[in-house]
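*Asks:* Handing you this structure, nothing more for now.
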């Protein structure tokens, strides 16, 4: 059986930057998980004493706080700055961009449509920078019964599929007089999604490695599953089952943006140890 890695996979720029920052700072607390990968979070806690707090209210005697890659709300940032604590911002620049856009567009009188999951920390943070009105949607149908203003700005959660974002944009263009469209989908998302699409079309089994609470990993899995029925989403090599690979000829592997290479290599090694001819 051939084992092939996607052309683009794993750690993105923002995650690499955050991990490096956490390793250098040490002995700190993150507000929410730094990234959506439980194994890497555990490694940072064990080796660098970087612990994860649920929210700002959980801070007690910590001297250093790291803002997660997904960012935090504007209100939480203001609250954090009032505390006697050193702040290190690990928000991904691709996430900071829609925050800034929302703030500026609001000042110019635009209401904002955010394409994304309203429960995702990134989207909560982005929405908090809107001072007019924000509409968080996952489908154009959610906009059909809303009385839209004449001026709308549109941004996307960084990990969404571009074609779905365009469905929202095309709907709005027909419904309102002025639409400002900002492509806030991350470059790494484009590349990883294109790569897994290509690989899954020629594979008869696919393994996607990453946190099951990771939005970008779940998107990769959905793309793989669309093209390859026998697709599996795992967090560690312990979840692999030999029967997945029996009678298979081509195994494709991809990984979410928060998945470190050391986990991916363990997955590959275990599949190789199954010795599937």
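Note: Cβ is positioned from N, Cα and C throughout, glycine not excepted.
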*Asks:* Kindly point out which candidate in 102, 186 is recorded by Swiss-Prot as part of the [4Fe-4S] cluster site with 12, 92.
*Replies:* 186
*Asks:* For a quick check of understanding: among the binding-site residues 12, 92, 186, which residue's Cβ has the most other Cβ atoms within 10 Å?
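*Replies:* Result for the most crowded candidate: 12.
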